[in-house]
């Protein structure tokens, strides 16, 4: 009970931090809106369903807004139409990268693993740059995002297949297969960039990772893609703890190791791909955030997974605010790496990581 | 209906062996690690797996806990093949302590022990009252409760091993597998660990331990299984399994097997590997010094005889253990002529006579019959070496005895020419 309380406490605290970061971030931009006003705009937008009616084939849900604070139309427009989609998308991407990073570090029993270790990001890069260079019609209007997502999943699945023999996937093989496939896909991306001509700028911008041009439908689809696997991952948190003892021990403690690894790899790949597909390659969030949270809350994944995910959301929203608040916008991937790498080196020197 | 069901799926036989390993074979790639391993373990006993490095002890344990699928043969726990059970079901039957665990994340001792409850919990279950009780009991029993809240990685090797044992106890299984439970432990903790295992076995658990230390294994295990080159070389009571012959066969090493003081468990003393010394030696003396000299010479492959010694003397008993020829007389009876003549004949035929420990006047002619006479330093522990002082030439420490014998001139062709042969080489 004490433990469950700790999990809830930390999660609630970090959710509050996330709300605060979102509120402040939505006020920052060419037009400054004070946090109080942003909060009022956000509260005005809260609606609860009050009734359902069937008209023809469409299901009509009538909603009632709970609050009606006096705010200007301009403020509402800026917050709701311009800034909030991007901020929420940043939150979802940060959430997904940190969650997937936590899982990967657990599977690989290595605090230096990151979400793209099995080739997800490189696969997404090939998909995205390939689409930019030679756009093909992808149904459902998925376009760039769809190509990136498909590339990510294919790469992860390919690495998994390469590393699997007789139904067993040793993590060392998985790691090395991931490195090799990433190198190969990196070469493919370089080749595609050479062929990109006019669109090289767009391709490079994607590769650097950014959240520009986010829209509400994108937010909705990525929330869905991240939320469902994340709930399942939470249910596997204890299994992941036991896996940290080593696969041999985990098996003798009743964990079906290979099946668990498959589930965890598949779900965390989907979560990572959902993030990378909309935001491009954003480094260090999935590496640093789980690492720092492990120092704060300990290695138990039942508390580490939700808290790392929430902290990742806040971290990316904050860094993206920094990225877009300068005179010229910088891709957020540059900001996370520029902040994250020195901090990581500081940790490395301080904690002296002796074992990998 | 139930009759048909019973035929198809007979209830496990509660009186059969807890663990039944039949015709087990395992190959890694081209390498055959186990072939035709057969043994079983009765309920409520502690069985030790012994054997040289690479004999397949750990592999046997891995197949029993279901983490390694054998290429052939079956392992039955409580009557049912392990292969037919889920990992969870095996985890409720068999707990194991690994040789070591490299944990790169800082779980506390309590968290580590709590993981032992995993096989008892469903995916969405929380630890209940009985789970917490099991964890506390296990930590107390393995005496790791003192550092329950310390990180596992901050513990010493021996402490970690006890935490892993506590984790296995928290599983509350009828079968306990221990892979080198004493490997990193000092003698005190090694004995305490095995005493703990004994008390668990007394409470009804069945335990199998791979143990390197033959003497600890002999002392604590009800039965031993001696593995070498992936096959069972001997199995049964420790005194039947640990003999010089089986050990030579399994370890390719010379050993001296006696009895551990205060118990009837065998005591294995490895003898240092030496060049075989092809000499015939007659030992004169009594007590421990003479017994040690016999063991040392036999270990070096000398042909050894002893006498005259009183029956029941340590030297006489050791001679019987080692299959040496001994000339004995009844205790306190003194040396009679027949015995003295036999001993003199042996001494004369030998390349050297070794004097170790107290020698009475009755044996003086035996010593004098030797062509070369060597004394063994006794550290003054067993009687004064007054009698032989005038009789022996050089005195050497026990450890140097085989080497000293080896430097003697090679055996001569005929007994009659012996004195001449020796003087000619001088």
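Quick reminder: no glycine exception, Cβ is built from N, Cα and C everywhere.
Feature annotations, reproduced from TrEMBL:
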type: TRANSMEM; residues: A:12-33; note: transmembrane segment
type: TRANSMEM; residues: A:87-108; note: transmembrane segment
type: TRANSMEM; residues: A:120-140; note: transmembrane segment
type: TRANSMEM; residues: A:147-165; note: transmembrane segment
type: TRANSMEM; residues: A:171-194; note: transmembrane segment
type: TRANSMEM; residues: A:215-237; note: transmembrane segment
type: TRANSMEM; residues: A:263-289; note: transmembrane segment
type: TRANSMEM; residues: A:330-348; note: transmembrane segment
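Residues 107-109, 113, 116-119, 121-123, 125-126, 129-130, 133, 155, 158-160, 162-163, 200, 203-204, 207, 247, 261, 265 of the same chain sit 6 or more residues outside the transmembrane segment (A:171-194) yet have a Cβ under 8 Å from a Cβ within it.
Proximity of distant same-chain residues to the transmembrane segment (A:330-348), defined by a Cβ-Cβ separation under 8 Å and at least 6 residues beyond the stretch ends, is recorded for 90, 205, 208-211, 279-285, 287-288, 291-292, 295, 315-316, 319-320, 322-324. Looking at A:87-108, A:215-237, A:263-289, the range that has the most CB pairs within less than 8 A of the transmembrane segment (A:147-165) turns out to be A:263-289.
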